[in-house]
Every structure is written in C-alpha cells, then in structure tokens.
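Asks: Feature list, courtesy of TrEMBL:
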type	residues	note
ACT_SITE	A:Cys19	active site, nucleophile
BINDING	A:Cys253, A:Cys400, A:Cys451, A:Cys454	[4Fe-4S] cluster binding site
BINDING	A:Ser301, A:Asp363, A:Asp364	Mg(2+) binding site
DOMAIN	A:19-237	domain 'Glutamine amidotransferase type-2'
4 protein chains.
Amino acid sequence: MIMHKELPIISPDKFHDECAVFGIYGHEEAANLTYLGLYALQHRGQEASGIVSGDGDQFYIQKGMGLVADIYNKTTLEKLPGRMAIGHNRYSTAGGNDLKNVQPFNVNFAFGNLALAHNGNLINAQVLRNELEAYGAIFQSTSDTEVIIHLIAHSRASTFLARVMDALNQVRGAFSLVLMTDNGLIAVRDPHGLRPLCLGRVRGSWVVASETCAFDLLDAEYIREIEPGELVVLSDQGIDSHRPFPKVDPAMCVFEYVYFARPDSRIYGANAVYSTRKALGRRLAKESWVDADIVIPVPDSGVPAALGYSEGGGIPFETGLIRNHYVGRTFIEPEQSIRHFGVKVKLNAVPEVLTGKRVVVVDDSLVRGTTSRKIVKMLRNAGAKEVHMRISSPPIVSPCFYGIDTPTKKELIASNHSTEEIRKYITADSLAYLSLDGMLQSAPGVPAQYCNACFTEKYPIAFTRAEEMQLGLFGPSADVKKVM
Amino acid sequence: MIMHKELPIISPDKFHDECAVFGIYGHEEAANLTYLGLYALQHRGQEASGIVSGDGDQFYIQKGMGLVADIYNKTTLEKLPGRMAIGHNRYSTAGGNDLKNVQPFNVNFAFGNLALAHNGNLINAQVLRNELEAYGAIFQSTSDTEVIIHLIAHSRASTFLARVMDALNQVRGAFSLVLMTDNGLIAVRDPHGLRPLCLGRVRGSWVVASETCAFDLLDAEYIREIEPGELVVLSDQGIDSHRPFPKVDPAMCVFEYVYFARPDSRIYGANAVYSTRKALGRRLAKESWVDADIVIPVPDSGVPAALGYSEGGGIPFETGLIRNHYVGRTFIEPEQSIRHFGVKVKLNAVPEVLTGKRVVVVDDSLVRGTTSRKIVKMLRNAGAKEVHMRISSPPIVSPCFYGIDTPTKKELIASNHSTEEIRKYITADSLAYLSLDGMLQSAPGVPAQYCNACFTEKYPIAFTRAEEMQLGLFGPSADVKKVM
Amino acid sequence: MIMHKELPIISPDKFHDECAVFGIYGHEEAANLTYLGLYALQHRGQEASGIVSGDGDQFYIQKGMGLVADIYNKTTLEKLPGRMAIGHNRYSTAGGNDLKNVQPFNVNFAFGNLALAHNGNLINAQVLRNELEAYGAIFQSTSDTEVIIHLIAHSRASTFLARVMDALNQVRGAFSLVLMTDNGLIAVRDPHGLRPLCLGRVRGSWVVASETCAFDLLDAEYIREIEPGELVVLSDQGIDSHRPFPKVDPAMCVFEYVYFARPDSRIYGANAVYSTRKALGRRLAKESWVDADIVIPVPDSGVPAALGYSEGGGIPFETGLIRNHYVGRTFIEPEQSIRHFGVKVKLNAVPEVLTGKRVVVVDDSLVRGTTSRKIVKMLRNAGAKEVHMRISSPPIVSPCFYGIDTPTKKELIASNHSTEEIRKYITADSLAYLSLDGMLQSAPGVPAQYCNACFTEKYPIAFTRAEEMQLGLFGPSADVKKVM
Amino acid sequence: MIMHKELPIISPDKFHDECAVFGIYGHEEAANLTYLGLYALQHRGQEASGIVSGDGDQFYIQKGMGLVADIYNKTTLEKLPGRMAIGHNRYSTAGGNDLKNVQPFNVNFAFGNLALAHNGNLINAQVLRNELEAYGAIFQSTSDTEVIIHLIAHSRASTFLARVMDALNQVRGAFSLVLMTDNGLIAVRDPHGLRPLCLGRVRGSWVVASETCAFDLLDAEYIREIEPGELVVLSDQGIDSHRPFPKVDPAMCVFEYVYFARPDSRIYGANAVYSTRKALGRRLAKESWVDADIVIPVPDSGVPAALGYSEGGGIPFETGLIRNHYVGRTFIEPEQSIRHFGVKVKLNAVPEVLTGKRVVVVDDSLVRGTTSRKIVKMLRNAGAKEVHMRISSPPIVSPCFYGIDTPTKKELIASNHSTEEIRKYITADSLAYLSLDGMLQSAPGVPAQYCNACFTEKYPIAFTRAEEMQLGLFGPSADVKKVM
C-alpha cells in the first residue's frame, strides 16, 4: 500500500501576518460589505474567517475554516441582518478545525451583546488570564484576545466605554481592535501603533479596516489612519475620538512595507507600499550590485523589489519563475522522491528564460533559508549559469511577539549563521541582504517611528522577568516557542 | 431584506480551454502522479476533475466538481490502486453539479473495462449519436465524447485496437484522447493535431499530458509530442506507434501560444510559449508604438507580452494592476452599485504607479470588450492621464468548434465592430491589435501549420450542410450557441 | 488504542424483501405522493431510495442511500415537478455507497425518456447481458434490472409498448415492474405473480404500489391487485389492461403473509395479513402446544402469531422482550465482550415478566438460528425457567431466487440439521415449527397458488443447466452465492 | 409550484422527558460504554447528544444533533480516549442546530477541566444568572445548567467538592447531575429526587445512568439508586457518599412509571415499570369497565396498560394500530388534504381487526387531545362500531417545571375542560381517566413519595413571588411558556 504524505502549502519560509480586521457602522448592507472587505484582506489571514452583524437588538454570527470566498455565500450572508458588522480573517488556528478560536469573539454579558476582532498579540495575556480565573472567570477559548473581554466584564467602571478603556490599560502588546455593541462600534489601536488600522467612509457610513485595499473594493473613501493610541467610537452620534492611553513613541511594524501589506494599499497614512518596495530594490542594487544578464523576482511578493533592482542596477527584468495559483490548503506528496517538491507545487522555472544566463533572483525576506535553497537549485536545473540571491530586507535575527507568526529564534537562520554561511547553505553564487539603514531610509517618514525588533532584537515594549521566562527570552534555553 | 446576486468569477471575457488530459502506464504510484499532473494542468479546466486507475483486473474511479487540490485527498487517492491511470480536468459542465458528464468516462462492455479522457470537440457527434440510438445504444451523458465509446462497442472489427481505429475514423473534429483498458493505455491525436498532446517518461514509465508543465512537477522527462494523426499504445510491450488516419495538413491551435498554455510549458514540440508571447509583445510595439510613460500588463496572462512591448518599445514596465488570487467560484455582489465590481474582485489599480501617467496596458486577447472597458475606467480612476490598450493577437471574429469555450459570433465584439468602434466602447485613448501576419510570424515554425479559424473564419475541417445548420453557421440566424 | 468494530444492524437472521415499487399518474403532487408511498413501504427496503418524476417533456431524479425520511426533504421534492412519478426502495446495494445501482433506472434512448422500478429478480439476466454486450450494449450498473432496458432498446418491434412486451417475454423470473415514459406509466407483474402489486385511485389519479399500506397514507382507494401476468397502461386515455404472456399457474410468495408484508396491508387481493398471522399462531398452538405460563413474541414481527398462539393455546400473552427502535445502520461494538451483544442492541428482556416463568417465545421464521440462540439465552438470564421456541412457518431449506435476500443453502440451518439438532443449538427446552400444510391451509385461497420453494426446494420456474451451474444448484459445491 | 409543509414528527401530544445522563469511571473503554449507555437511553432525548471523556490530563469532546446511532461512529469514538467519560442525550434544543446548548457542558477554569451533564430543570436559574453576570460572569449558552458551573467557579470554598456543594445549595429545582473533573466523577440527585439516577458496576468500574436499561446493554450490574439528596464521588479512592442538603420529603416523578421510563428499566430502586403499567391498566378496567369486543393499545407506550386492561376487564387484546418505526425528524406534508395526516405517518389502523367491533383503546396519557381525536376517527374509518378511550393516568392540569417538556397550562385540555367536553372533542363513545388514587396506589411504595404536580398543581418546591411572575403562575395571564 502506498502511503500519502499530506504537505501543508502555506509557505513555512515566510513570516505571516496573524489577522485582518474590518468594521462598518450604519449601512443597510453591513454584512455584505464586511464580506467584501474581508475578501480584499484575505492575504492577511487564510485559515478562518468570521462575521458578526447586529441590528441593535441581536447579534448574528457566521464563521468557518478556510477562505472568505468559500465560507460565505448567499445563504450565510442573508443570515446576517443589521446595519453594523465586524469581521476577522485569521492566519492560523492551532489545532485544526477548532471554531472556538475563530474571531470575532462574541458574548452576552451584563452590558448586553459584545463582539470583538483583534489584530495583534498581547504580551501579558497569560498572567491576566490566571488572575481572572482566580476570580471565577470561565474562558471559552485559548486565545489571548479573550482576556480583553473578561477584563471588560470584570471592570468596576460605570460605563461601557470606561470599562473598555480600563481593560485596555491593563493589557500590554499589539492591538488593532474593533469592538461591536448593540449601540455602535469602537476601533482602537495600541499606543505604539504596532499594527495598521484605517478609517474610511462609504455612502455616509463609517468603515475601519486593516488596509485600504478593503476600501477600494467597496468604493469607500479613505479618510485617515486611526492613530497610535487612538480610540474611536462610531455610532448614530457620528464619530468620537478618544486618547485613553499615556503617550509613548510610535513603533509601527516596518515589515508591513517589506512584505505584509498589499502593494495597492495605503497604510500608516502613506500611499507608498508599492513605491517603497521598488525603493528597497533600487537601494539593494546600489548596495550589492552584481554583473548579471537578468533580474527575476520570486513571485508574487518579490516583483516590486525586483523591478526596483532592475531599474537601479540596469539589468533586464524577466519572469523566470511561474507561480501556480490553484494551490489548496494541503497537498499530497507521492512516495517517489521529487526534487524540490514543496516549492515546485507553487513555482516552476522557465528554461527558455534562464538557460545560460547569469541570474539575480530577488526575494523580500529570508527566514529559514529552506525555500531559497530549493529555488536556487531549481534555477540551476533550468539552466541558469550563475544565481545571485538578493534580499530586500536585513537579516532576521529574532521573533516577533506582536501578532506575527514567526519561527523560534533557533529556526531563524540569520540568528546563528553569517551571511556567507547562509550563502553556502542555499548554494547561491552570491547572497546579499539590504542593510538596516538602507531599509529604514527607503520607508516613508522618519526611521525612528518603526518597530524593527525582528532585525535588531530591540523590542519596543519592556518585558517583565516573568514574561521573559515565559517567552524563553532568557534562561537556560533562551529561545521561544511560537507565540500563537 | 437585501438580496444577494451571485456573480460567476471565471472571466466571461476570455476564451477558455475545455480540458486537460493525462495518462500514465507502469508506475507504482500511477494515481498519485496523475493527481500531480492534473494539478499542474489546472489552468486548462477548473470546473471538475476525475481520475480512473486500473490494476489489470478492476477500474477505480474518483470524480468531483471543483479544483484538483480540493477534490483529491489522502483518502480518495488511496482508493485508486493500480499501475496505470488516466485523468481529466474539465472547464465547464453545463447544468451544474452533474457528475455524469465529468470525465474520464468509464464503462464495462464486451471487451472488459474501458475509460476515456478527451480534450477537443467533435463536429459530427449529434449525427452519430442519432444513428447509434437507432441501433439500440443507450447514452449515459450528454457529452459528445461518449459517442466514441459506443462506436467502439458497436464496431465489428475483431481486435480492440482495430475497433478504436474504426471508431476514430468515423468522428470528425478535434481530439487529443487518452484511453485505458485492462491491458494498457492508448493516446491519440486527431489528424490535424488541433489540440496538443505530449509524451514523457518517469522512472521507466510512460506518461502523456496536454502540456509539459505536468511533466516538470513529476520530474518526468519530456520525450516528444504525440504527432498529429498518431496513435500510440503504451503497455507492458513498451510503446507502439500507429498512423490510422489518412494524411492531412496540420492545423494546430495558435491560441495555445497566445493564451492557453502555461508559459513554462513546451507544446507542439517547441520550448517557446514564454518567448513567443514576448515576441508577440515586441512585434506589437513595432506595429503600434505609442508615446507613453509606462507599460503595464493585465495580470497574469498579459505579463510576457507587456514585457515584450516594454523591451520593443523602450517604455518602462510597471505593475499597475494587482491581482487578487483568492478568488472563489462565485462571488456575492452587494445591492449597492460598486463601480467596475466584476473586475475589481480580481484586479485593483495602484494609484501611485498610475497617477499622471500615460499608460500602455497590454492584454493577450479581447473577446467581448466588457472587461477591457472596466479596466480602462479603473486605470483612469486611479489617475492615469492616457490609456492605450494593446492586444497581442488579432481581432476575434468567429467561434471555435474544436474544444474551446467561446461566445457566439454575435457576442464577439470584433465580428461586427471596427477597431475604432471598439476603442470608443472601451473608452481607451487608443486601441491596437496585433496583425494576423505579425502573430503567425512570431510563433515557432511555419505559419501554415496553425489553425487560425477564430481570427479568419477559415475552418480547417469542412462542415456538412447538416452541421452548418446545426452549428448555426448559415440559415436565417447564422449564429452559434455554445457548442458544449 | 482501542479498536472499534462496526456491527451491521439489519438482522442477518431474517429473510429480507428486496424492494418496494410505487407509481402514480395524473396528479398535481405526483412526487409528493410517491414520497409518502415509499415512506409507507419502507419496511420492504431500507438501504436506498429513488424517485423519478416526469412532466411529459423531461424527467427529474432524486436518489440517495438511507431511509426515505432522510433522503427526501422540501428542497429535493421541489426538484421533482410533473404529474407522474415512480419510486423505489431498495433493501441492499452490494458494495456500499454506490448510487449507480439505486433504482428507478432512467435512460434517454431512441424513444425518449424511460424510467423503471423493479421488485423481483431475473433468473436469466446474466445470459441476456452477455448476449446484449456482444451486440454493443453498454451497461451502467451491475443490476439484473438493467437488462430489461437494453432489451427494450434493442427490440425491433415498432411501438414502444410492443417492445416492452417483446423484452419481458425474454426474461424469466420474478418481476413486479413500474415503467414511466413521457406519455404514461406501465405496471406489470410476472406470469406467476411471484411478488405483489396493487392498483388504487386517489382523486381521479391512478396509483400502483407493492402493498396497500401505501394507499392508506395517501387516502387512496384500493381498486384491485394487478393480476399475475397482467400489464396495465396508465395514461391520459385512462387504464388499459393487457395479457402479454402465455398463461401459467400462479406461484405467489407465501412468505409475504408470514413476514414481509405489513399487517395492515392487503396483498394478493385479500385483506388478511394480520389475521393470517394470527391463524398461523393458532394452528401452531394446536400442532405443538406446550404447558407454559406465558407466551411472548419476538417483537415486532412475531406479535400476531404470538397472540394467535396465546388464544389457541390458552396461555397468557406478555411482552417479555422490549425492542429499541432507535437503531441506526451500523453499531460500534466495544472490545469488552458483552453477552448476546448483537441482539441486545435491539432487544432487552424484562426480568419482572420472565422471572420463574415457563415461557413460550414465538417468532415468524428461523433462518440461521444465531439470533434465536441469543434470545433463548437472554430470556434465561432474565430469569425464565423454561424456554420453548415456536416458529410460525416451516423449516427453511433452500434459498429464494425471486427477489428475496437469503443466505446460501449452507447457511440455512434447517437445510442440513434436524429440528432436534437445531433445538440443541439454540439451547431451547423445546422447539417446534409449523407444518407446511398448517401454513398453507392458514393462508387465504387455495394452497396451490403459492410459491413455497424456500420450504420445499420446488422452484416454480425451471432452471436451464447453465443457470443451475451459475446459481450453484448442482455441481461440486451445490450451493449458491447471494443472488444480488 | 407546489409548496411543501414540513411537519415535525415528535409527538406534540405527549409529555417529553428532557434528558438522559450517563457516567463511567475507571474503564479502558469509557467512551464506548458511554455511547452504549446513551444509546439505551435514547428514549429520554432524541434531539442531540454529547460525550466528554478524560484521561486525567485533557478532556475530549464529541457532540452532535440527532440520534446517538447517527452522531457517533468509529472515527468519533476513537477521538475520545481516557478511563472516564460522561454523556448526555437532550430532548430539545430550542432554536435548531445550535450546538452551544448541547451537553455535557465543559469548561477549563481555575480548578482545571470540568464537564457537567444535567437531567432536570432549575427554578431559580434566571435570578442566579443575573447576579452572576453582575459580577462579571460570561455565559456561553442559554441553558439553566450553565448557572451551576459559574456558581462553582465563583464559590469561595477551598476545595472543589466544597464548591460543588456550595453551588448546589444555591440552586432550587430538579437535578440528576453527573460532573467530571480530571480526578473523577461526581453524581448527585436533588433533595426531592425528582428525576431518577442509578448506580451500577461493570468489571470493577463504576457507572451511573438515568435508568438501568443502560446497564443491561453494558452487562453492568445494578447496585442501587443514588438516593434523593445524595452526592457520590467516584474516583481511584472508590466510592464516597455525601449528604450535602438539608433533609426534605422525597417527591419523585410518578410520570416515569406512567410513560417516560423504558418498561425493562428499574428506577427508584424498584424493578417495576412494566408491572406498574399493567397494574394501572388493570385498575383502569376496574374503575371504568365497558362492554366491548377488543382492547387495543396506542402503540408502543400503551401496550402494557392495554394488556392490564384486557386481563382486568376480561376483554381480548388485539393490535388494531400498526406503528411505522421509520419515522424521521420532520415530514413533508402534501398540499392535498389527507385525513388525520400527522397521526397516519406514525400509525395505521388494521381494518380486519376493527371492522364491526366495539373497541377499547388504551393510551397512557392525554395532553392536548389532538392525537386522540385523530386516532378515534381513524379507528372508526377502519370499521370500529364503538370507540371507548381509556387513559391510564389522571387528567393533566398543570405544567411541569422540573425538566419535562410540557405545553402551557392553556394547551392542556384537561386544565379547562371537563372529561365529558374532552370526550366530545375527541369524538369517542366514552372516555375515562384513571383516578389519582388509583394511579398512586398502583405505583410501588407509598403514594406520598411521588410528585404529582402535573395532576394536582401541588408543586413540591415553593416558588418565590418573582418566580411565579416569571413562570406565569399568577398575574393577568396566569399561564406559562415552555420552560426550556
């Protein structure tokens, strides 16, 4: 009997954004537009999705595992009435088909209905959970996000809004949050603004979304970003902005520019994802030019940086790798060993482009190196004479604790190997990363406004000793298990 | 109550290949490799798929509606034992969820088990079916392909192979066929070679596939194409080639080079899909250059031609349209009218690339014009100053009857409008098609070897008067309904 | 790891009727009433069901595995328009979830649409199938019923009706058939009338059904039985009766009275299922009275005979075995050995009824003896002092080839063991069967009109030598594999 | 287009038990035996079922809507490892497919894992819920049972057992509960013992179940009942019995004898369900004899009382109504009006038994009268000359608040009509109920030990004024909505 191995298809050699959030208040088709918004934000989370709508009286819920286009249909959307809705895409639900961790979370408690969608990750969730459980709280999920709900329920503040502010001042970490009650929406971004959150308007209704590509599909107008530390209430009284947190320096994730955000999106107030990526490529060409015949991207994310490299370096751009877009969630690997199988399922080389050529191949980041190694070999098999790998961001040396799915420090090849060692491992003729300065100067605004912890280990939020132990940052095995 | 409109997502403004076929003989993991082959050929048919395997004694069948990656899994593949298998992807099954039209067809008849997968379309299927039914034949499906099976069953030739040859000499049209019996495989291509079919080898086993990208994923070696009019038997006796048909001139579909085939595939014996597409773009730049700031493709199929235009025309290449690859089968359209909705679900413009620019946008073909019209408007909304549409193939004036899903003649905008009329309709500043000569001279080999009926109405296979009536080529309403 | 054994729940120790058929012509709610009819006939087949309706133009089909109440619902019934419909329940589809063997069969052939539902079994199906395949016929299923369709399609008679008669004169065996064309229904019963078929009327429309309990649920009026050898056409021209077969003696299945038919049904023209069963019990008391405290039935089928035995024998009737009616298709058996598990899932003894009692337990038939053995032990465990098994039919010595699912001859305990041997095996204090004469004289009408082959091996239809070999009636291992 | 009405099939004219509970501690096949136990207890709840198993470290959960035999299979049972398990069948989950109300409930809180299965109903659940929510508790379900979990989590007692006792002393109502922690099981019955709960042993392991029929299928030995007000801990330390409640008089549900319990079960310590039902019938014959030809039961529940009536009254017992046991959850009613349709789907009359007869028909209870009315008419249609309805329990005048699903007071026909009025409504020739004294004296033990509130409105647990308002016992519309 032949045994079949199931192969997960989501690339293990990229960082992954944890989530997308979306909210809309005051629109006849609230759930429909939320569906469209989540669809446009699919790249931020492909494992599960949920929508909760409200009609002022009741909440209505639809959730599922998989892609937005597969989860929702006429029947499910018609079960989501009401003029407000929030939605969430999730990258990963540890433990498979478990719907109980799929957001938005929604509960009925003393103040009525509450639903909540969260992009980010809390540093002190476990400590808070232990305390809450000691007071009799019963948790439904294993998600850190649920802590926020119990903090609200246990708060002794008198109004709902005050309770939310009370709760959020107890948590530390990254949060771009959308909450829904029977009366309206609350959108809030953590004091550092680690993850993006945007505000828009469509036909007199308010919308919030992780990125503006969600607004484009809706014909919504971009208004502005929700600022770091800002809390906004959307209701029949219009929009009301609050600043419930002590003021701190911004520390916005620079990786959104490097890889996460869609190139047609506007984030952090600037219209610059695509041009920043090209600028990273141009700068990379300046920092580490090599004499070659063609520049090719690792599709799709490497395309803008490769175009930038081609422009900056004066080397023709080609598409030497073709991507198969019909990829499912898992893939059956045959017993017969097939060279570079995992990569081949997604990419195939074009021999007529590559044969006899000196090739610069541009990728946005290099995490473990396993995929890069397969790509280099695949290019050589297809006839490339030389293969020069160029990475449009600096070496990644430490994990993210702010809502990005990253491997442990040990698995980050650059945390314990020199660039030359990595070059040998991936079998390239040459390898170069963009410098930290090069990256930060290519991004819009001032370098200081960005979090660059994954490249520098300089985390913008101080850890307590307990958290350091728990996250494995110190102690005998100073490493970290995947945060969630 | 809000009503939701379901929107089919497969582009109504492209021709669509009907099918992919695959076969393998003599491999321990026959079904697994067929699954991989069908996966690599997914672009030729996304509506349904089937695999039949055989162990010399019994046939085993798995079929489903949807994508290869969704239909097959560990469980279904383990139900497909045996050292031979054939598979089929299908573009469209008229009438929804009807598995009875999903190929491979398989039957048990006087000669034992028989399965059959067909890429192409028969001109005289209806006439033959009527005759067979008059003799007592009972059809299971509405597919023209089933006619072949009944012709084999009713043939009075003494051997199975002679019956197959007898049957295939009665049908007229396009067929790249793979048949499986308990003893081996038969692969055959119609005398004109209208559709491609390739032969390869993997670890001592024979494989056949519509395109060589299927071989790459399997680590199979490309041997040669099955030639027009060739019938090949694959069995324990090795490979045996026959020429059962009277000799005619080849008439291979040129549109495979323009759009259908994957750029990393080899078809018609040449390794030239990608370079032909670039050559079409370069020629297009020569024929219809326009002074512009950037050249952008309609992704993904327009990319090589746009690169060719950029090179040939000396205008920078940019990616001004971003494609959303998470598209499902259908999409729910909201009540609220959203500009260019159908296109927006798949494409979004990048304002920072387009604002203030004179833009050449390159597409491979223009069928109805509806999508082009939306794209032009979307580019202008995103800030483009001028929009020049360039098409890397000639105007399409007549439907295909050889296995391609095309609209009726009436719906082909170029069949009854001048280029200037079309330009006005799509609201472009200029519009130009590639000339017929330009296209044929850019393709490998001699121009005469290609079928170009859709551009010229010169069909390589003569119609009988009855077929002309049935296909609507003449008579009071000289038009054609979708062939299958 | 604990392994779970799946236990089929359909009793292996009873004969099982193969099928129920139903048809209706000329009613607005044809499919709905067919659904009700099949529901009422569920006891004749629980493995699969199908309905085909027709509107004079097209046929509409719904089929599924499982119970009528689970297969059909609002949605599926609304997909069955038209004023005529036929339906079928099937006892068993060898090979699991294979819908292709689920009836009604329907095809489109030279004469248009045809659907067919069959209760019974053909003796010469394999021989006919071989001949038809030699002429080029392609079979869709492995069912003997499909032979009839191909015989009709290959007939050279000029009208459809003549072709049906031609076809049915070539088959030998048991058939109560309902056919549907675009113009009406044909109901026909084989010359011996081996299986029942009834005619009724509901609001001016004609209905046919295997048993009249189907009419009761519809508020239909019972008209008469379709007689052995009669063919009836139901159409807009009303009812038209034909006698297409040479006259033979009737041979109606007597087991319908013993066990198969519902006690509230009328079959073979008489209103006597319940009273016949009581009469069998009374006669049994007369033939084999035993001094006991209580008479209990094996529920539910043994109830009327037990009441008859109680009346005839003057011994109080009690319900000492309780039946669990929530039985599913299969049941998971634990590793831990549980006494009499298979029987216990369906039956449980009532200790307060049984303790210290001399018990007569009445069942309608005894096939393998395995269940009886478990029941006897279960009764003793619950406190019974003596257990006397009484069977209200004679010993079964040979299989049925006319549409009843029976074990092989070897598995029929009475075919190779004396009654005393069987008594020892089932560990009863005494065991008695009803005599053949006793049974036949208790049934309505003349004894000669019944088939009693399973009790006597006197088959009413002569076998050819080839059939004998094929059915295993002679030769080295004179036994029989399950017929279908 | 014909519209189809879906008809629920669970009889609206009977009381329904809310639930079954089951638990096992210390057995290798804990989940398997729980599955068997729930299967045997299927009659106490057919809408949903759940099993939670534990291995001392983790809990494993399987739940579903529908019947036990359909919900669980090899795959699901193998996902339930561990040596302890509890299970629950539920009669009704208001609001359809909502798994969140399906028991056992399970949570993870400060003390670790906890699962809970409840048979019964709490009077003061809403009041407690309001209080708990004010303290920050977040409820997952709308079930009153969840209150118990939050009371445990919020208790300030130091041990888990003390917290359970603390919690249960705050609730008022009916509860036969099984709780599971990582260390063992707790089984507890409310002080009045309103619902049954039994203790058994199987191969050295402890089992608890609502009725002993669950023990029979497992080959478990019946030990004794869990007494009213008793709490039992089952763990590796063996069994430990506690009496945490103030002593009150028992008030066990007498309806378990009349209708709910399976006749082969032992409840309340006595082996007497079947014989009690017969005694009720004999007493009924004495109280309200009528000169008739036959006695028939309304099957299946009326059988023992009808046998008792037959014995006591000297009138022959017959089965004049046949029950169809293949009933699904809902049934499609045709447009065409069919007489007595709802009843006919389940019951059909046997004309040959009834024609010309004076018939006594015995049922166990009469709730709304709608079904009785249809049965009387059905019997007359089938030829009965006289129909005398006899009910083996007193008139039902008030709803149950202790875990039985009952209609509102207004819908109970006997609450506002005399027996003569009811007789007229059901169109019987005569109607008689059993007297209250007759019923109580036929049951085992002393009459005072039974709750008879539904016959007398004497509720054993005093209501607060708030509860009376909420339950609708007083005030302007002194009626009650279905409790849960």
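The chain as shown is numbered from 1 upward.
Keep in mind that glycine also has a Cβ here, set from the backbone N, Cα and C atoms.
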Asks: What Cα-Cα separation, expressed in whole Å, is found between A:Asp364 (Mg(2+) binding site) and A:Cys454 ([4Fe-4S] cluster binding site)?
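Replies: Cα to Cα, A:Asp364 (Mg(2+) binding site) and A:Cys454 ([4Fe-4S] cluster binding site) are separated by 14 Å.
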Asks: Same-chain residues six or more away whose CB lies under 8 A from the CB of A:Ser301 (Mg(2+) binding site)?
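Replies: The answer is A:Lys14, A:Tyr259, A:Asp363, A:Asp364.
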Asks: Quick check: which same-chain residues outside A:Cys253, A:Cys400, A:Cys451, A:Cys454 lie with their CB within 8 A of the centre of the [4Fe-4S] cluster site CB atoms?
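Replies: Apart from the listed residues, the neighbours are A:Leu194, A:Val254, A:Phe255, A:Tyr402, A:Ile404, A:Asn452, A:Ala453.
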Asks: Rounded to a whole number, how many Å is the Cα of A:Cys451 ([4Fe-4S] cluster binding site) away from the Cα of the residue listed as 'active site, nucleophile'?
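Replies: Rounded to a whole number, the Cα-Cα distance is 18 Å.
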Asks: Please compare the recorded positions A:Cys19, A:Cys253, A:Cys400, A:Cys451, A:Cys454 by how many other CB atoms fall within 10 Å of each one's CB, and tell me which has the fewest.
Replies: A:Cys400
Asks: Measuring Cα to Cα, how far is A:Cys253 ([4Fe-4S] cluster binding site) from A:Cys19 (active site, nucleophile) in Å?
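Replies: Between the alpha carbons of A:Cys253 ([4Fe-4S] cluster binding site) and A:Cys19 (active site, nucleophile) there are 14 Å.
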Asks: If you measure the residue listed as 'active site, nucleophile' to A:Cys400 ([4Fe-4S] cluster binding site) at Cα, how many Å is it?
Replies: 14
Asks: Within 10 angstroms of the C-beta of A:Asp363 (Mg(2+) binding site), what count of other C-beta atoms is obtained when all protein chains are considered?
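Replies: Its Cβ has 23 other Cβ atoms within 10 Å.
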Asks: Could you find out if DSSP has A:Cys454 ([4Fe-4S] cluster binding site) as helix, strand or coil?
Replies: helix
Asks: Could you find out if DSSP has A:Cys19 (active site, nucleophile) as helix, strand or coil?
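Replies: DSSP assigns A:Cys19 (active site, nucleophile) to strand.
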Asks: Reduce the DSSP letter at A:Asp364 (Mg(2+) binding site) to three states and note it down.
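Replies: Going by the DSSP assignment, A:Asp364 (Mg(2+) binding site) belongs to neither helix nor strand, so it counts as coil.
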Asks: Using the Cβ center of A:Ser301, A:Asp363, A:Asp364 as the Mg(2+) site position, which other residues in that chain lie within 8 Å, going by their Cβ?
Replies: A:Lys14, A:Val258, A:Tyr259, A:Pro297, A:Val298, A:Gly302, A:Ala305, A:Val362, A:Ser365, A:Ile391, A:Ser392
Asks: Within 10 Å of the Cβ of A:Asp364 (Mg(2+) binding site), how many other Cβ atoms can be counted across all chains shown?
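Replies: Result for A:Asp364 (Mg(2+) binding site): 26 other Cβ atoms within 10 Å.
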Asks: I'd like to know the mean pLDDT over the domain 'Glutamine amidotransferase type-2' (A:19-237).
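Replies: Across the residues of the domain 'Glutamine amidotransferase type-2' (A:19-237) the model's pLDDT averages 92 on the 0 to 100 scale.
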